[in-house]
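The structure appears right after this line, and notes come after that.
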């Protein structure tokens, strides 16, 4: 008799079809990711209908591949975790319907998982979470600060009021003719450029932990437009450096300030933008100076993947959370509703 629990996790919230098998919330047995980046590049961003069609085409094979990689069968699985939201509703439904079909066919419980909770728990796959902690979520669709006193205890203390940081990266990248996704390209150029443009830092109200990147995005676009009107040469590396420094300074300051205010000495970072080298370096230096323990997952666990959904799903399963065959996707759902 064993107490080991195997979670089959499914993630289809945006443009990655991913399936993973996780043992006891920490041991990664498989993590299969089918990326759609090449399909969306020509459009300069994710096209929801195209994403949904790719999920339909790839979900069955991805499930099969993940089970084979983990060397388990569906009969061995204890529960099926699936991203309920937030995300593209059509994309979410592909994963949810696959999870419901498996749950019905094999009589397995369904565990609905919040996408951002998954990003947070990606850290747990490499280093056990210790509490209390502050989590900085930085991705294409989200920029948030989440305070946690314990497992599955989510308190959002700050969030973006307009553009998410990853969205701002992609839009600025487009203005200097960089391909999608723009974040990695800006990060690469920023390492070679100079901070010559005085782009704004948006702090909002005193002691606010919210973020705003639409003003910065507009400032960059307007600056480039004016330079082109005057036939002044634009150095893409300098634009990237100046833009990224503005973003990183705000993210770092607010994350450190939140840790101090809430008296926590552990900061974790989650989401696709967490793989940004400029941000990782700035946070590392600031946390070292302030005596804060910093955890950032490996780049492969920063982007969307099912392993993170399985890690969070394991704790939701242990806490008794269950979905049913009426489970539906939600394109906008509060992470605090998943607190237990």
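Just so it is clear, glycine is given a Cβ too, placed from its N, Cα and C backbone atoms.
Note: residue 119 (Fe cation binding site) has non-local neighbours 137, 139, 270, 271, 308, i.e. same-chain residues 6+ apart with C-beta under 8 A of its own C-beta. In the three-state DSSP assignment, the secondary structure recorded for residue 119 (Fe cation binding site) is helix. Per Swiss-Prot, Fe cation binding site is recorded for 115, 119, 304, and the stated evidence type is sequence analysis.
When secondary structure is read from DSSP and collapsed to three states, residue 137 (substrate binding site) falls in the strand class. All protein chains considered, the CB of residue 137 (substrate binding site) has 29 other CB atoms within 10 Å. What Swiss-Prot lists as substrate binding site is 137, 138, 139, 140, 141, 170, 183, 187, 276.
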Original post:
When you measure from the Cβ of residue 183 (substrate binding site), how many other Cβ atoms are you left with inside 10 Å?
Top reply: 25
**OP:** Mind giving me a neighbour count for residue 115 (Fe cation binding site)? Other Cβ atoms within 10 Å of its Cβ, every protein chain shown.
**Re:** 26
Subject >> Recorded substrate binding residues, 137, 138, 139, 140, 141, 170, 183, 187, 276 - maximal Cα separation rounded to whole Å >> reply: 18
Original post:
Here the binding-site residues are 139, 276, 304; which one has the lowest number of other Cβ atoms no more than 10 Å from its Cβ?
Top reply: 139
Original post:
Which residues of the same chain, at least 6 positions away in sequence, have a Cβ lying under 8 Å from the Cβ of residue 141 (substrate binding site)?
Top reply: 14, 86, 87, 164, 166, 167
